[in-house]
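Report on the following structure.
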Amino acid sequence: MSHVRGLGLPGCLALAALVSLVHSQHVFLAPQQALSLLQRVRRANSGFLEELRKGNLERECVEEQCSYEEAFEALESPQDTDVFWAKYTVCDSVRKPRETFMDCLEGRCAMDLGVNYLGTVNVTHTGIQCQLWRSRYPHKPEINSTTHPGADLKENFCRNPDSSTTGPWCYTTDPTVRREECSVPVCGQEGRTTVVMTPRSGGSKDNLSPPLGQCLTERGRLYQGNLAVTTLGSPCLPWNSLPAKTLSKYQDFDPEVKLVENFCRNPDWDEEGAWCYVAGQPGDFEYCNLNYCEEAVGEENYDVDESIAGRTTDAEFHTFFNEKTFGLGEADCGLRPLFEKKSLKDTTEKELLDSYIDGRIVEGWDAEKGIAPWQVMLFRKSPQELLCGASLISDRWVLTAAHCILYPPWDKNFTENDLLVRIGKHSRTRYERNVEKISMLEKIYVHPRYNWRENLDRDIALLKLKKPVPFSDYIHPVCLPDKQTVTSLLRAGYKGRVTGWGNLRETWTTNINEIQPSVLQVVNLPIVERPVCKASTRIRITDNMFCAGFKVNDTKRGDACEGDSGGPFVMKSPFNNRWYQMGIVSWGEGCDRKGKYGFYTHVFRLKRWIQKVIDQFG
C-alpha cells in the first residue's frame, strides 16, 4: 500500500475544473478536453510507471482491442497517443499472427500507404542513396522534422510523412532525381515490397583512385596519344594552324611537349589535363577526356626540407597573369591595407601561423573591419537578397562557386542581368556609404566541366565586372596560389580562414533573424587528411576538392554554412606575408556536424582554366 497516494494539489485542481465545467452550460466535454483534464502529472522517478504503462498498453491494445481513451490511459500524452493511434488503426487489419501485428506497430514493415513504416531502408527502389532529412543538399526539402514533427524523419530513412499514394519515399542524393519511392517490406505478405526494386545500371561510384597502370601521370603532360576530340565532342584545331599559332605565341609552353597535328596535349602543365584549341571565338579551347591518376598537390606530397619550420622556401612573389587582360592588383595582392601594409596583425592570424609551425560560419566570430578586403557579396537583384560569397582577385575579376550561378535542383540559372556584386562590405544588410562599392556584371563564366549532376566537381565560376573597382582600405584583391605555396601550406592540420555572412547555425527556424549575422563572420579551420575526407561521405570526392573542419574529438568547433558558399578559404604565407585563396566554399552535409567536413574547390587545380578564360575574354 506504500505506493498509493492521495489526490494531491494537481488532482484537486483538475477535479475543481471538472466540477466547474459540469455546472456551466457546457455539460459535455470534447474528448481531447476531457483527456487533458484527466491527464496525470508526470513524476521524475517514473521508471516503474513507464514499465507499468507499457504493460497496460500491451494488455489493452495488443492482446485485446482498445479504444483511443484506453490507449491514452496507458500513454498519458495526447501527442504520443495520436502517433500510436494512427499506427494502431492502420495495423488493426493484421492482428494475427501476433508477430505480424507487432512488426506493423513497431514500423518494421509497411501497411496500406506505409505511414506506419519506421524501418532503416535508406535507398530508393532504383538504388539511389537517400538524402538526409535534415540536409539541404542536393535538394531543398519542403518536408522536414519541423513541418512534420511526428513523422520520425531520422537520418535518411525512407518515410511517408505526406501520405503519398506510392508509399514510403525519400529525397535522393542524385541532383537529377528529387524524390523517389523506396522498396520496403509489406506487413503480412512475405517477400512482397511496396514497389519492386529496379536498380539503375552503372552502380555506385566509390571514392577509389584510378587503377594503377591505367591512368596518366602529371595530368597528361607526357601524353603522346592521338586523341583529337574534346570532352564536348569538338574537333581539335591543328597546333600549326594560324589561329593556334597566334594564340600560342605568348603562352609559356613546355618545349618538351611536342605539339603534333591536332592531338590533345598539355603544354602549359594545366592541372585540368590535356586540351586543345577549337573553332569558334578566338581563343576557344576545350579539355580532352583522358584518365588521369589522382595526384595530390600539397596534402600528401610533403618535403620536410621545404617545411615552414625550415624556412627554405623562396619568399619572392612572381606575378602569373597578363595585366592587360587580368587588370590591376596582382602585384600587390594579399597585402591588406589595414594590416600587412601597416605591419599589423589581426586578432586571430597567430592561430593560423601557429598551426603551420606546430603541425556555411558556425561557431565563428565577428570579423574586424578590413580583415578580408577581398570578400565580395554576390547579390540577387529581384527579390533583393544575399545569394553567395565571392572573392576579388583583381580590379576586374571576381571568383565564386559555380553552384551559386547554376544549380537546377534549386532552380538556379542566373545571368549577368540577375546579379550584382557588393565589395568592401562589413555589415550584412546595411548600405555602407563611402565604403562599399556596387558593381554590375559584364559576363559570367562557369567552368565547362562543372558537374552539378553528381558531386559539384569543378565548382568554380568567374565574374567579369563592367567597370574596374577602385581599391581602398576595405577593397583589395587576394592572391591565387602557385604550386610552391600550395605544397608548403595546404597540409593536414594547417589552418585556413573562411569568411562570410552565412547562417550562424543549421536550423529549420522560420525566424531567419535568429540565425543570420549582422556583420561579416570569420572562422579558422584545420585542413583534413584526404582519406578522412573521403571516408566521411558517400559522395565521390575528386582531386579538385579538399576538405576542412574539426574532428569529432576536437574541443573547438566551426564550419561554413548556408550563405557562405562561393566565399574564400584563405591562408597566410609566413614567407612573404601575403594571403592566398586556396579554396572556394563549395558544399557540406549540414553545418558543423560531428564527423562531417566542409568541402572546398581546389583553386590551384583550376588556375590554368582561370588564366585561359581571362586571357581570352579579358
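Keep in mind that glycine also has a Cβ here, set from the backbone N, Cα and C atoms.
Since the structure is predicted, the reported quantities are computational estimates derived from the model, not experimental observations.
Taken from Swiss-Prot, the feature active site, charge relay system applies to His403, Asp459, Ser565. Per Swiss-Prot, disulfide bond is recorded for Cys61-Cys66, Cys91-Cys104, Cys109-Cys187, Cys130-Cys170, Cys158-Cys182, Cys215-Cys293, Cys236-Cys276, Cys264-Cys288, Cys388-Cys404, Cys533-Cys547, Cys561-Cys591. Feature annotation from Swiss-Prot assigns domain 'Gla' to 44-90. The domain 'Kringle 1' annotation in Swiss-Prot covers 109-187. Residues or ranges marked as domain 'Kringle 2' by Swiss-Prot: 215-292. If you look up Swiss-Prot, you'll see 361-615 marked as domain 'Peptidase S1'. Per Swiss-Prot, the feature N-linked glycosylation site maps to Asn122, Asn144, Asn413, Asn553. What Swiss-Prot lists as 4-carboxyglutamate is Glu50, Glu51, Glu58, Glu60, Glu63, Glu64, Glu69, Glu70, Glu73, Glu76. Residues or ranges marked as signal peptide in Swiss-Prot: 1-24.
Broken down with DSSP, the domain 'Kringle 2' (215-292) shows 10 helix, 13 strand, 55 coil. Separation of the C-alpha atoms of Glu70 (4-carboxyglutamate) and Cys170 (disulfide bond): 34 Å, rounded to the nearest whole number. Look at Asn413 (N-linked glycosylation site): DSSP puts it in a strand. Using a 10 angstroms CA-CA radius around Asn122 (N-linked glycosylation site), the recorded positions that qualify from Glu60, Cys182, Cys236, Cys288, Cys547, Asn553 are Cys182. Model confidence over the domain 'Peptidase S1' (361-615) is summarised by a mean pLDDT of 89. Note: the Cα of Cys170 (disulfide bond) and the Cα of Ser565 (active site, charge relay system) are spaced 25 Å from each other. Taking Cα separation as the measure, Cys91 (disulfide bond) is nearest to Cys182 of the recorded positions Asn144, Cys182, Cys404.
Applying DSSP to the domain 'Kringle 1' (109-187) sorts its residues as follows: 0 helix, 14 strand, 65 coil.
In this structure the alpha carbons, written CA, of Cys264 (disulfide bond) and Asp459 (active site, charge relay system) are 24 Å apart. Counted over every protein chain shown, other Cβ atoms within 10 Å are most numerous around Cys182 among the disulfide-bonded residues Cys130, Cys182, Cys547. Following the DSSP three-state reduction, the secondary structure of Cys547 (disulfide bond) is strand.
In three-state terms derived from DSSP, Asp459 (active site, charge relay system) belongs to neither a helical nor a strand segment and is classed as coil. It is 43 Å from the Cα atom of Cys104 (disulfide bond) to that of His403 (active site, charge relay system). Comparing Cβ neighbour counts within 10 Å across the disulfide-bonded residues Cys104, Cys215, Cys404, the minimum falls on Cys215. A distance of 52 Å separates the Cα atom of Glu69 (4-carboxyglutamate) from that of Ser565 (active site, charge relay system).
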